[in-house]
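Trainee: Below, the features straight out of Swiss-Prot:
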type	residues	note
SIGNAL	1-29	signal peptide
TOPO_DOM	30-258	topological domain 'Extracellular'
DOMAIN	33-134	domain 'Gnk2-homologous 1'
CARBOHYD	ASN47	N-linked glycosylation site
CARBOHYD	ASN131	N-linked glycosylation site
CARBOHYD	ASN149	N-linked glycosylation site
CARBOHYD	ASN154	N-linked glycosylation site
CARBOHYD	ASN214	N-linked glycosylation site
BINDING	LEU331, GLY332, GLN333, GLY334, GLY335, PHE336, GLY337, THR338, VAL339, LYS353	ATP binding site
ACT_SITE	ASP450	active site, proton acceptor
MOD_RES	THR484	phosphothreonine
MOD_RES	THR489	phosphothreonine
Amino acid sequence: MKKEPVHILPLYLPCLLMFLLSSLRQITGDARARAVKVTCSPLLEHNETAYVPNFVATMEKISTQVQTSGFGVALTGTGPDANYGLAQCYGDLPLNDCVLCYAEARTMLPQCYPQNGGRIFLDGCFMRAENYSFYNEYKGPEDSIVCGNTTRKNKTFGDAVRQGLRNAVTEASGTGGYARASAKAGESESESAFVLANCWRTLSPDSCKQCLENASASVVKGCLPWSEGRALHTGCFLRYSDQDFLNKIPRNGRSRGSVVVIVVSVLSSVVVFMIGVAVSVYICKRRTIKRKRRGSKDVEKMAKTLKDSSLNFKYSTLEKATGSFDNANKLGQGGFGTVYKGVLPDGRDIAVKRLFFNNRHRATDFYNEVNMISTVEHKNLVRLLGCSCSGPESLLVYEYLQNKSLDRFIFDVNRGKTLDWQRRYTIIVGTAEGLVYLHEQSSVKIIHRDIKASNILLDSKLQAKIADFGLARSFQDDKSHISTAIAGTLGYMAPEYLAHGQLTEMVDVYSFGVLVLEIVTGKQNTKSKMSDYSDSLITEAWKHFQSGELEKIYDPNLDWKSQYDSHIIKKEIARVVQIGLLCTQEIPSLRPPMSKLLHMLKNKEEVLPLPSNPPFMDERVMELRDGSDGDSAGCASLATVSQSSFYGR
């Protein structure tokens with residue numbers, strides 16, 4: 001077949017020129033990425049498996065649009081699994097600041113899970129996601145106001161606010177849904193009122209006008225005489241203040257001749273630069289083609305190697321061992337397969353994971369799991385005995401652990417009594433030791449990506465063993481971001497990974513921190529806030545840590561007060577909670593590595609650093625003053641626990 005020539009310059013030159021020229025027009029403003037309020041849908045998401053990929057895909061589609069227009073809508077999925085999204089920056093926000101505001105909103109909105117939708121108002125932008133088309137809605141029961149409480153103003157200021165609101169609402173209703181206005185309070189410039197009014201671009205002019213009029217009436221009635229007020233309505237955002245919060249209207253500060261000189265300089269540089277780009281792209285393209293071909297051969301080669309190795313089990317042997325995969329022997333169900341108990345001809349108990357896949361990606365996952373687990377061996381990792389890749393489906397064979405998974409104990413009122421504090425502490429330390437091995441001591445560094453209670457198995461002595469390497473990925477020291485799909489379990493996933501796909505060992509550290517808090521409290525991260533929109537477990541632990549009342553969240557099954565050394569145990573538990581909070585800090589670089597955490601756990605007298613705020617601290621209502629909004633809707637957190645099996649996926 002004749003190879004088509006690669007025309008690089010015509011393809012990349014216009015794109016690069018547009019980027020460089022647009023960069024000349026960028027201005028520096030205030031991204032106003034401070035969250036004002038988050039409101040979540042009252043209904044639960046019915047399909048956990050579909051939610052994450054649909055939400056992430058919707059956000060990616062919107063991201064592309066926001067970068068060019070400051071606005072985006074997208075739909076992913078169908079029926080009850082559909083994810084409708086909308087994001088819009090307010091009209092005075094420069095595009096580069098808009099992108100920053102959107103990135104912040106995208107990071108925070110997932111806290112609504114497992115509710116099936118939610119909306120977030122920031123001071124610079126708005127975002128909403130639901131499982132139905134809401135684009136034409138302009139009012140609803142969630143409409144509310146948020147008022148500042150710094151200063152009470154006089155009647156003259158109130159008159160200026162009313163005038164500014166009238167001007168902004170009138171202008172926005174007739175000019176595409178956005179307006180800014182200011183009005184003097186008497187003769188004093190320092191007492192002026194500044195107003196911003198913005199409708200979502202999906203609304204009709206009539207709906208926009210109605211929304212802004214309702215918003216104006218509510219903020220005047222509810223916020224004056226306070227110096228600041230915001231109306232957070234279904235179809236619009238309105239704000240007034242005695243401070244000029246608006247970004248300046250950009251002015252052309254250069255002469256036309258200066259701009260020409262800059263453009264000519266840029267164009268002359270581009271000619272030279274594009275030669276390098278053309279060569280680089282050509283080389284990268286050739287390498288990619290070779291890598292794809294090599295990857296296909298690698299899968300086939302690995303399959304043959306496994307079939308000929310000592311790890312290989314006959315399919316018929318495993319089928320017989322599990323009673324033809326009888327449901328009576330079923331141990332659990334996960335996203336990638338079902339796990340069964342089996343008995344080999346020599347009497348050994350085994351756990352068999354039955355995988356179904358019909359594409360190369362799933363096949364690669366299978367060989368990746370076998371290849372990775374077979375190279376690691378540690379007392380706190382589940383041992384892989386072998387596999388079968390010759391039958392109608394692929395099978396993994398693990399050692400069988402009769403106590404199954406940790407979640408069966410800590411989240412059960414009766415079984416939880418089996419695990420006193422010392423046993424739970426040992427499980428925490430054992431899990432940490434397993435992660436230290438994966439991150440720092442194995443021949444290939446491994447990020448597990450799905451550390452959670454159902455993936456911590458317990459042997460006959462209740463020692464912890466980490467299971468489920470199906471999601472594990474090896475990584476290089478210079479690689480902190482991956483392009484593969486995000487995988488894991490909501491509630492254990494670090495915010496930077498869920499929002500941006502940023503994968504480092506700190507993703508496991510975050511998950512470990514959530515697990516530690518669950519072990520201490522006996523609460524699931526989701527279940528802790530399922531009623532009345534109460535706080536997530538992380539936020540609950542943080543607040544009690546701040547108030548010095550941690551013992552209020554301890555699992556009653558710990559029964560620490562009845563022990564003769566209860567004061568020592570109380571101190572140990574509080575220390576472990578503090579370690580859990582260090583793991584779940586919002587900024588990844590502040591989280592200690594697993595080796596440091598293990599050192600902290602074992603050296604009980606060492607002084608610990610104070611943790612900073614966890615993600616989504618003000619997750620119920622992020623507002624300026626308590627009790628100021630009319631309909632204070634609660635908000636669930638990011639956290640949830642999946643239905644994964646206790647032998648992993």
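Just so you know, glycine gets a Cβ as well, placed from its N, Cα and C.
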Trainee: Measuring Cα to Cα, how many Å separate the residue listed as 'active site, proton acceptor' from ASN131 (N-linked glycosylation site)?
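Mentor: One finds 26 Å between the Cα atoms of these residues.
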Trainee: Taking DSSP three-state, what's ASN214 (N-linked glycosylation site) in: helix, strand or coil?
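Mentor: Helix, per DSSP.
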Trainee: Counting other Cβ atoms within 10 Å of each Cβ, which of the binding-site residues LEU331, VAL339 scores lowest?
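Mentor: It is LEU331 that, of the binding-site residues LEU331, VAL339, has the fewest other Cβ atoms within 10 Å.
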Trainee: Check the domain 'Gnk2-homologous 1' (33-134) for me and report the mean pLDDT.
Mentor: 87
Trainee: Could you round the CA separation between ASN154 (N-linked glycosylation site) and ASN214 (N-linked glycosylation site) to a whole angstrom and send it over?
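Mentor: Their Cα atoms are separated by 24 Å.
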Trainee: What is the number of residues in the domain 'Gnk2-homologous 1' (33-134) that are helix, strand and coil, as DSSP sees it?
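Mentor: Once the DSSP states are binned, the domain 'Gnk2-homologous 1' (33-134) shows 43 helix, 32 strand, 27 coil.
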Trainee: Sorry to bug you, but what's the C-alpha spacing from ASN47 (N-linked glycosylation site) to ASN131 (N-linked glycosylation site), rounded to the closest Å?
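Mentor: A Cα-Cα distance of 11 Å.
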Trainee: Measuring Cα to Cα, tell me the gap between VAL339 (ATP binding site) and THR489 (phosphothreonine) in whole angstrom.
Mentor: 18
Trainee: Which one is it: of the recorded positions ASN214, LEU331, THR489, whose Cα lies the shortest distance from the Cα of ASN47 (N-linked glycosylation site)?
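Mentor: In terms of Cα distance, ASN47 (N-linked glycosylation site) lies closest to THR489.
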Trainee: For ASN214 (N-linked glycosylation site), list the number of other Cβ atoms lying within 10 Å of its Cβ atom.
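Mentor: A 10 Å sphere around the Cβ of ASN214 (N-linked glycosylation site) contains 19 other Cβ atoms.
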Trainee: To the nearest whole angstrom, what is the C-alpha distance linking ASN214 (N-linked glycosylation site) and THR489 (phosphothreonine)?
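Mentor: Here the two Cα atoms lie 41 Å apart.
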Trainee: Please give me the CB contact count at 10 A for ASN47 (N-linked glycosylation site), counting all chains in the structure.
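Mentor: Excluding its own Cβ, the number within 10 Å is 13.
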Trainee: To the nearest whole angstrom, state the Cα distance for the pair THR489 (phosphothreonine) and LEU331 (ATP binding site).
Mentor: 20
Trainee: Quick check on the recorded positions ASN131, ASN154, THR489: which one has the highest count of other Cβ atoms within 10 Å of its Cβ?
Mentor: THR489
Trainee: Within 10 angstroms of the C-beta of ASP450 (active site, proton acceptor), what count of other C-beta atoms is obtained when all protein chains are considered?
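Mentor: That number is 28.
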